[in-house]
Amino acid sequence: MFINRWLFSTNHKDIGTLYLLFGAWAGMAGTALSILIRSELGQPGSLLGDDQIYNVIVTAHAFVMIFFMVMPIMIGGFGNWLVPLMIGAPDMAFPRMNNMSFWLLPPSFLLLLVSSTVEAGAGTGWTVYPPLAGNLAHAGASVDLAIFSLHLAGVSSILGAINFITTIINMKPPAMSQYQTPLFVWSVLITAVLLLLSLPVLAAGITMLLTDRNLNTTFFDPAGGGDPILYQHLFWFFGHPEVYILILPGFGIISHIVTYYSGKKEPFGYMGMVWAMMSIGFLGFIVWAHHMFTVGMDVDTRAYFTSATMIIAIPTGVKVFSWLATLHGGDIKWTPPMLWALGFIFLFTVGGLTGIVLANSSLDIILHDTYYVVAHFHYVLSMGAVFAIMGGFVHWFPLLSGFTLHPTWAKVHFTLMFVGVNLTFFPQHFLGLAGMPRRYSDYPDAYTLWNALSSLGSFVSLTAVMVMIFMIWEAFASKREVLSVELTTTNIEWLHGCPPPYHTFEQPVYIKA
């Protein structure tokens, strides 16, 4: 029975739970890697060895956090659990494919871990640029294993994307229009479209890199008429939509939390929110070369990518101000999920502002590959995506488990995490402006103070992670059952109780048009 339920599952709730557990586990691994990075940088001099092992850790940290933590939790975990419940579907459109999407991830994770144990590991950075990723600078199988890992994770995501698109378009009640679905459902739909369009380009790029390394092709080798810049274009045509894939489901989660704990029936500007997400999704595909301002592009090309990138701030601003308008006049409950959501809105906005700075090609030429960039994307990921995940988790934990978290521990957890991530990443803006480059394991001692503070912050965040583990244990040990849930008519995922029965919506749902 155990094997049938958990290995061969076709139930969206069980598969969602598997994704959440896998993502939590990978998140621990990714956190451990980040602690190694910050320990190395806590003071000048060397702790772990040379730059190769350091860059292997940095590369693994990025891949683990992106492909095995944020995406499985947001899309696989929350997506699987909530999308069918929110649209009144009995399950996903392709339940067995859903199971395969999940089970491609553990082998993918294994390949990534193995890649760092053979030869000297893949110390390429998550971008895997040739010629550093070529077979001279990285002889041996490590980069090849990392590429295979990416292939598996990519196939998993593409299949999941097909499944979500089909489910959301086809499995609504006949009378329900697409514009009556909740914003989280919209965010997953748009994310799935982005995945479907961007991942094949990554697959093409890394497959060409694989043949360059092993079959003597020269796609990215000037000696044979290739061009390493082509790889950068292919990678970032995937890589930029990818960062929006990481944050869009978070937008959906935050919309639900802000609406719910403001006591509102609906978010402010529903249609504006939907169009904003669609605009962000579209614009995300036409700004990729802002990651490449330093490779020597024409001034008119740089002008285009600068202005196109800045345009994304407009739909993003629509979302931020709509969240604030949703709060306005509401009966605000200062619950832990609401704290995460408010933290998200503020810190994501700060990260967005540094993004506007980096969008200027003239400034980016100075700031490219410095800690300013690291600070920017960790503000939108470590305090955007992660805060959304935490907010969604503490908000929907009673739905998933049937038990309530201890609110005091949840607030302690939030406070520690808030202090930790800000202490870690705010000083990195100063390091970047002072010219400290990324991806080095050592630095001149002029940079010591801010690095020491940054590393101190990472240990505060580590403490927060441990508090979270305790908080989850405490909830399951105390078994406080959910008494009642408010606002169920406008939050239909709660209608079936906590937790909902194994099968929901077995008979078709009829809604008034």
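Numbering starts at 1 and runs along the chain as displayed.
Using the three backbone atoms N, Cα and C, a Cβ is placed for every residue, glycine included.
Same-chain residues lying 6+ beyond the ends of the topological domain 'Mitochondrial matrix' (1-11) with a Cβ under 8 Å from its Cβ atoms: 18, 91, 95-96, 98-99, 103, 502-503. The topological domain 'Mitochondrial matrix' feature in Swiss-Prot is assigned to 1-11 (among others).
As annotated by Swiss-Prot, transmembrane segment applies to 12-40 (among others). For the transmembrane segment (12-40), the list of distant contacts is 5-6, 46-48, 54, 57-58, 60-61, 64-65, 68-70, 72-73, 76-84, 91-92, 95, 98-99, 102, 105-106, 109, 400, 424, 441, 454-455, 458-459, 461-462, 465, 499-500, 502: same-chain residues at least six beyond its ends, Cβ to Cβ under 8 Å.
Residues annotated as Na(+) binding site in Swiss-Prot: Glu40, Gly45, Ser441. Gly45 (Na(+) binding site) falls within neither a helix nor a strand when secondary structure is assigned with DSSP, and so counts as coil. Sequence-distant contacts of Gly45 (Na(+) binding site), defined as residues of its own chain at least six apart whose C-beta falls under 8 angstroms from its C-beta, comprise Asp442.
Residues or ranges marked as topological domain 'Mitochondrial intermembrane' in Swiss-Prot: 41-50 (among others).
Among the features that Swiss-Prot reports, transmembrane segment is placed at 51-86 (among others), with the record citing similarity to another entry.
Cβ neighbour count for His61 (Fe(II)-heme a binding site): 20 (other Cβ atoms within 10 Å of its Cβ, all protein chains included). Taken from Swiss-Prot, the feature Fe(II)-heme a binding site covers His61, His378, and the record attributes it to similarity to another entry.
Beyond the ends of the topological domain 'Mitochondrial matrix' (87-94), by six or more residues, the same chain brings 10-12, 80, 162-164, 166-168, 170-173, 176, 181, 185, 492, 503-506, 509, 511 to within a C-beta distance below 8 angstroms of the stretch. Marked as topological domain 'Mitochondrial matrix' by Swiss-Prot: 87-94 (among others).
Taken from Swiss-Prot, the feature transmembrane segment applies to 95-117 (among others), supported by similarity to another entry. Long-range contacts of the transmembrane segment (95-117) within the same chain, counting only residues at least 6 positions beyond its ends with a Cβ under 8 Å from a Cβ of the stretch, are 7-12, 15, 18-19, 22, 26, 56, 60, 63-64, 67-68, 72, 76, 80, 141-146, 148-150, 152-153, 155-157, 159-160, 162-163.
For the topological domain 'Mitochondrial intermembrane' (118-140), residue counts in helix, strand and coil come to 0 helix, 0 strand, 23 coil, using DSSP. The annotation topological domain 'Mitochondrial intermembrane' is assigned in Swiss-Prot to 118-140 (among others) on the grounds of similarity to another entry.
Long-range neighbours of the transmembrane segment (141-170) within the same chain, counting only residues 6 or more positions beyond its ends whose Cβ lies under 8 Å from a Cβ of the stretch, are 59, 63, 67-68, 71, 75-76, 79, 83-84, 87, 89, 92-94, 97-98, 100-102, 104-105, 107-109, 111-112, 114-116, 118-122, 124, 128, 133, 178, 181, 185, 188-189, 191-193, 195-196, 199-200, 202-203, 206-207, 209-210, 213-214. Swiss-Prot lists 141-170 (among others) with the feature transmembrane segment.
Mean pLDDT for the topological domain 'Mitochondrial matrix' (171-182) in this predicted model: 95. Under the heading topological domain 'Mitochondrial matrix', Swiss-Prot lists 171-182 (among others), citing similarity to another entry as support.
Sequence annotations record features per position, and here Swiss-Prot assigns transmembrane segment to 183-212 (among others) based on similarity to another entry. Using a Cβ-Cβ cut-off under 8 Å and counting only residues 6 or more beyond its ends in the same chain, the transmembrane segment (183-212) has close neighbours at 75, 78-79, 82-83, 86-87, 128, 130, 133-135, 143-144, 147, 150-151, 154, 157-158, 160-162, 164-165, 168-169, 218-221, 226, 231, 234-235, 237-239, 241-242, 244-245, 248-253, 255-256, 267, 270, 273-274, 277-278, 281, 284-285.
Annotation source Swiss-Prot lists topological domain 'Mitochondrial intermembrane' at 213-227 (among others), citing similarity to another entry.
Remote same-chain partners of the transmembrane segment (228-261), defined as residues 6 or more beyond its termini with a Cβ less than 8 Å from a stretch Cβ, comprise 66, 70-71, 74-75, 78-79, 127-131, 182-188, 190-191, 194-195, 197-199, 201-202, 204-205, 208-209, 219-222, 267, 273, 277, 280-281, 284-285, 287-292, 295, 319, 323, 326-327, 332-333, 335, 337-338, 340-341, 344-345, 348, 377, 380-381, 384-385, 387-389, 391-392, 395, 487, 490-491. Marked as transmembrane segment by Swiss-Prot on the basis of similarity to another entry: 228-261 (among others).
Within 10 Å of the C-beta of His291 (Cu cation binding site) we count 21 further C-beta atoms, all protein chains included. Positions annotated as Cu cation binding site by Swiss-Prot: His240, His290, His291.
Listed in sequence order, Thr191, Leu194, Ile280, Gly281, Gly284 are the same-chain residues at least 6 apart in sequence whose CB falls under 8 Å from the CB of Tyr244 (O2 binding site). Summarising the annotation, Swiss-Prot assigns O2 binding site to Tyr244.
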Discussion item. Rank aside, I only need the closest one: which of the binding-site residues Glu40, His240, Ser441 has its C-alpha nearest to that of His378 (Fe(II)-heme a binding site)?
Written reply: His240
Worksheet entry | Cβ-centroid neighbours of Na(+) site Glu40, Gly45, Ser441, 8 Å, sequence order | Leu41, Pro44, Ser46, Leu47, Leu48, Tyr54, Asp442
Worksheet item: In the topological domain 'Mitochondrial intermembrane' (287-298), how many residues does DSSP call helix, how many strand, and how many coil?
Response: 8 helix, 0 strand, 4 coil
Worksheet, complete the sentence: Expressed in Å to no decimal places, the gap between the Cα atoms of Glu40 (Na(+) binding site) and Asp369 (Mg(2+) binding site) is 19
Worksheet item: Sequence-remote contacts (6 or more beyond its ends) of the topological domain 'Mitochondrial intermembrane' (358-370), Cβ cut-off under 8 Å?
Response: 290, 293-294, 302-303, 305-306, 309-310, 376, 431-433, 435-439
